[in-house]
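Reviewing the structure listed below.
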Amino acid sequence: MAPQLLLCLILTFLWSLPEAESNVFLKSKVANRFLQRTKRANSLVEEFKSGNIERECIEERCSKEEAREAFEDDEKTETFWNVYVDGDQCSSNPCHYRGICKDGIGSYTCTCLSGYEGKNCERVLYKSCRVDNGNCWHFCKHVQNDIQCSCAEGYLLGEDGHSCVAGGNFSCGRNIKTRNKREANLPDFVQSQNATLLKKSDNPSPDIRIVNGMDCKLGECPWQAALVDEKEGVFCGGTILSPIYVLTAAHCINETETISVVVGEIDKSRIETGPLLSVDKIYVHKKFVPPQKAYKFDLAAYDYDIAIIQMKTPIQFSENVVPACLPTADFANQVLMKQDFGIVSGFGRIFEKGPKSKTLKVLKVPYVDRHTCMVSSETPITPNMFCAGYDTLPRDACQGDSGGPHTTVYRDTHFITGIVSSGEGCARNGKYGIYTKLSKFIPWIKRIMRQKLPSTESSTGRL
């Protein structure tokens, strides 16, 4: 019986073999469904692994959302996506004149430097006097949608419409004798943004004056005038404006009864023993506030500290006697007073309460921002004043320099920008020289210089 049962089982197994074989081999459509590669989901660990952007968007095509997940930063994502979609539009450097290119999808954007415009920054902008002074050498003004350059008196506008050409041998503001690799400055210094200068050497030259200026060689400060009293000698300075007008400080006029003028000299002993130029008339600003009036009426001392001296006979110009140029108010404010330094000169004391210098001294002084100026001063600083000088270095104008020139050089031309006026002592730490701001008085100066007055006995007037 057992053998029969075994045989029965074997026959049943053999009968079922064809059905089993047919089930092993699947139809092609069904098989393809199993062989298709399905995109695996990113694991949490993978999302935070470095190099994840390569797996997401280089090995495979990704969406912007997936790129954002990889970068975790909107700006980086945007930069990547603009290049990823259609390539880098900035690769050809399409922006001219150092413009900065930013790629976009199907486009790019150029951010132009100041003075340039256009899609590719290809157009040079000289249409604004606020951009490099309109490329004008001297004065710039807007005329409709354009700019117009002009020059100081005694100069001719160049054929290019921008440059200024000296029209004579003694045009204003030009040093006929220039320094030979020598600055009207001092030992080496490094300037900080708040006009505090850091010394490179602890041993300044022993032969430095104004307070700590340098000798102004003959012909290097040709606009310097010296005001002389017959008893006191040189007591103030001035600036030559024209053959018959000299600019000075109003408070100098109150210091003496008799005033004479000397020009073209750098040695005080020669000034006080040589020929003097006679004064015809003196114009003192009618709003000038002397210290005694300031204390009495609670006003700002030395406000409107400006005066003009009219000579009896014209000053003879030479290589040692040249006027400083008179700027326009806008040129002074927007261009000159935004330079780093101005230049002052005089025969004043070599230190506070010290002796006066025997020779003409000159010093570069940095402009000081208005807030620092006002905070540093115990007396009011009005809109008619500005500060210049050093925070901690002992370099300053001093008593006896009053009325003298503060000039600023632009394109090798010296323009008068201030008058030495006042200050708290000389070269004190944290204190600056205070100057009359010339740009406030251009109309007043021009009004006086336009007058054609006959020669009269010496007199003082107020305008």
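Keep in mind that glycine also has a Cβ here, set from the backbone N, Cα and C atoms.
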Test of record reading: of Asn194, Asn254, which one does Swiss-Prot tag as N-linked glycosylation site? Asn254
Using DSSP and three states only, what is Cys140 (disulfide bond)? strand
Compute the C-alpha separation of Glu66 (4-carboxyglutamate) from Glu60 (4-carboxyglutamate), stating it in Å without decimals. 11
Among the recorded positions listed here (Cys90, Cys101, Asp103), which has the Cα closest to the Cα of Cys236 (disulfide bond)? Cys101
Around the Cβ of Cys151 (disulfide bond), how many other Cβ atoms lie within 10 Å? Please give the count over every shown protein chain. 21
Can you tell me the mean pLDDT for the domain 'Peptidase S1' (210-450)? 88
Rounded to a whole angstrom, what is the C-alpha distance between Glu65 (4-carboxyglutamate) and His251 (active site, charge relay system)? 75
By a three-class reduction of DSSP, Glu72 (4-carboxyglutamate) is assigned coil
